[in-house]
């Protein structure tokens, strides 16, 4: 029974000692894997503890079973087995840790690691940890409910007021849909408390100010498990894919197994044992290995790919070296029919052909034999049967010619050699094309530099990327690529984030800003603190997401798989039936015609093209999308996105900038704009309210006076004195209660409200001094992107919790067709359902937090996120750059990918539907000739090359401007 044993080691002084112990342990047949450092050995296998200790003693060291952990942590926030597994992996990823035993409440850590680094690793995984016996302050959880309370716009310093959402009862156009207020409001609704509560003069109801909606970081469900990638060998066609996938799916703990023929890999998700996965693949007749380290796995995959290509090249050369001269001999007048004079030369050629078949085509026969033992048929079965039948017939004629009539003594040695040569040549060209299709993922992998510059007390030190730990201070200078995610603690830089987000314009970063692994410094120098390393970085998550998507299948691909599963047995039956028809009803010599027809049918059928049609398009399409900053979680999203007719947009943060700005200042009674802005900012100093921040942001650079006699006027605004001048700042009702004449302002107030802005009024000495127009403006590229989507034929809808007047104004400016306003997050999913019930194929575009229910309900969810956990985990498609042109790229690329997929599938089906009947001799009554097995072999190789080459066209895809 497979078990893991942890041993404490004594006497080791360096990693050479550790390697010696590791080699000794792994030399045992009952040890599958050993992980060793100078303190511990973690051994997986069937060996008992005593035997392992004796093995270590033989190397000159001592060992005992590890029982006392080096660090004990108290855990909180864990609720299931998936949580404990996540924390265990996070702890064991810390440098120096060899093993961690994790329960729902505690973790025993074995290894030499800093306690704070261990705690940080747990926090990074989304849970909480403190050292056993120490009551440390509990950090903020990643998943939380925002319990903000309503607050004045001019709140006291260090308070965070609630966000206000105005739901006015104004009449809107017929294109708007206003959901009833009583279905949209939470139960803890309170009255307005700040200047944000300004409503238009036409409003007849008090403005409602709901509390913020609960925000949460999307955590993977416990049932999702962890993903592991296997590198596979021996697969040749879609039948192999089906066999391996079924074998993996039957392993205990496996939830999802995705096998990729193009990449020769499998992505398995679940709680399975890795050794069991490898055993399952081997029992199915194929090879498999698991390499955890990304760099090592990539190197191994490249080595396997290069080795395969070289092997196919020399095998093709060997087959063609014999086949081409033989074929040329026959084409240019030489006799391919055996005579008594040529029996010996042809026998020598037959033996040479056999050697070529063994050395250049041995893999076909070995794989076919393994397939037969496992009760299945693959492409190798077809090749083995076809070439084997041709050679056996020829050698039989060669040895016993008298058994056959003269007209049946034609030899087909050249067919066996040429078929093997051509198919190997096709495999070599296909391998080269597949390498090109993986370039997008390779470029992502290349973004992470191999080293990092560590800042120490003794100066700067270059360390390997694998040695970077959480909390380390690292330095970046011009031209450097960022090794890990982190927060800038000193300096300022311009960052090129194009490869990560698709955004071509350099971004300025300074203290407090986050830098992401893989981005590049264009100018400047900074120091930053590592906050995410290894598989936790944004880049690593993107790579994982791309790999998962490339291994997934859309519905159209699953249809191809179902056909492929029965394809080869069907072809064998067709070959037998066709051969029998020619044997019993064909012209003389029937035996020759039977052999030619059966062999040609077997050779021309190409399940390989069918198996590659979908995965090659997916690999190219998903990879190209990643280069545009469009992350696809599942290939089925591409198929769904290609069928959309309606795009639904959230307003705040999607169509708009996401934060209010002062867009205009109107002054009265001789007050200057600068003076009015200074007074308003003085009253708002210390407030964190979004509208207060907008005023303070507009006043940056001004010298502000100190406000005195400050008062918060609930639901109205604020008052105070600046330089002895009494000031009021708030909504229209504030001025009415203070009996200040606002008749001259009413038309302007109405105009601002209708344009979607919030009018905030400032008075000085009892007279209007200024009206500040505050609104959340459209993003610079929103109008252009929406126009492009209109040109592509999409219906555009805005779905927002904002009031209808503001929503309608923004929609009119943006060019939105329809507005659904006054909807809180829990009602957005229902709005999507209504659109779907009307027969629309709907995509929801939102920020991935409050829009989560709608993103899940939509046919395709598209999250606008800068690579955050929330955005990546919520939607089927994530846009890494905050631009609506990413939506344009996503829908155009999805259409191009599905079109390419259909072309490949149609080509593969058409090729087989046309080729097999021709090979069976359907044209013989009209032409008097049969298709040569050699031509069939060339056609088979060409069909696979065509599919791969067509898929690679996606790598050059560019969205239309």
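Heads up, the Cβ atoms here are built off N, Cα and C, so glycines get one too.
When other Cβ atoms within 10 Å of the Cβ of residue 83 (Cu(+) 2 binding site) are tallied across all protein chains shown, the result is 20. Annotation source Swiss-Prot lists Cu(+) 2 binding site at 80, 83, citing sequence analysis.
As annotated by Swiss-Prot, Mg(2+) binding site applies to 847, 851.
For 142-151, the entry in Swiss-Prot reads compositional bias 'Polar residues'.
With helix defined as DSSP H, G or I and strand as E or B, the domain 'HMA 1' (3-64) counts 22 helix, 23 strand, 17 coil. The annotation domain 'HMA 1' is assigned in Swiss-Prot to 3-64.
Summarising the annotation, Swiss-Prot assigns domain 'HMA 2' to 69-130 and lists sequence analysis as the type of evidence.
The domain 'HMA 3' annotation in Swiss-Prot covers 226-289 and is backed by sequence analysis.
Sequence annotations record features per position, and here Swiss-Prot assigns region 'Disordered' to 131-153 (among others).
Under the heading region 'Disordered', Swiss-Prot lists 178-201 (among others).
Taken from Swiss-Prot, the feature transmembrane segment covers 316-336 (among others), and the record attributes it to sequence analysis. Same-chain residues lying 6+ beyond the ends of the transmembrane segment (316-336) with a Cβ under 8 Å from its Cβ atoms: 342, 349, 352-353, 356, 359-361, 410-414, 417-422, 424-425, 427-428, 934.
Residues or ranges marked as transmembrane segment by Swiss-Prot: 345-365 (among others). Sequence-distant contacts of the transmembrane segment (345-365) (same chain, at least 6 residues past either end, Cβ-Cβ under 8 Å): 314-316, 318-319, 322, 326, 338, 380, 383-384, 387-388, 391, 394-395, 398-399, 411, 413, 416-417, 420-421, 423-424.
Residues 338, 340, 343, 346-347, 350, 353-354, 357, 361, 364-365, 367-368, 371-372, 408-413, 415-416, 419-420, 423, 568, 571-572, 575, 595, 598-600, 602-603, 605, 607, 933 of the same chain, all 6+ positions outside the transmembrane segment (381-401), place their C-beta atoms under 8 angstroms from a C-beta of that stretch. For 381-401 (among others), the entry in Swiss-Prot reads transmembrane segment, with the evidence type sequence analysis.
Per Swiss-Prot, transmembrane segment is recorded for 565-585 (among others). When Cβ-Cβ distances below 8 Å are used as the criterion, the transmembrane segment (565-585) is approached by residues 237-239, 242, 376-379, 381-382, 385, 591, 593-595, 597-598, 601-602, 605, 607, 610, 912, 916, 919-921 of the same chain, each at least six residues removed from its ends.
Here Swiss-Prot flags 592-612 (among others) as transmembrane segment, drawing on sequence analysis.
Taken from Swiss-Prot, the feature transmembrane segment covers 860-880 (among others), and the record attributes it to sequence analysis.
Positions annotated as transmembrane segment by Swiss-Prot: 906-926 (among others).
If you look up Swiss-Prot, you'll see 928-948 (among others) marked as transmembrane segment, on the strength of sequence analysis.
For residue 851 (Mg(2+) binding site), the Cβ neighbour count at a 10 Å cut-off comes to 29, with all displayed protein chains included. Residues 560, 567, 571, 574, 578, 582, 586, 593, 597, 600-601, 603-606, 609-610, 613, 936, 939, 943, 946-947, 950 of the same chain, all 6+ positions outside the transmembrane segment (906-926), place their C-beta atoms under 8 angstroms from a C-beta of that stretch. If you take the Cα of residue 847 (Mg(2+) binding site) and the Cα of residue 83 (Cu(+) 2 binding site), they are about 26 angstrom apart, rounded to a whole number. Remark: secondary structure over the domain 'HMA 2' (69-130) totals 22 helix, 21 strand, 19 coil, with classes taken from DSSP. For residue 83 (Cu(+) 2 binding site) paired with residue 851 (Mg(2+) binding site), the C-alpha to C-alpha distance reads 25 Å. The helix, strand and coil residue counts that DSSP assigns across the domain 'HMA 3' (226-289) are 22 helix, 24 strand, 18 coil.
Averaged over the domain 'HMA 1' (3-64), the predicted model has a pLDDT of 84.
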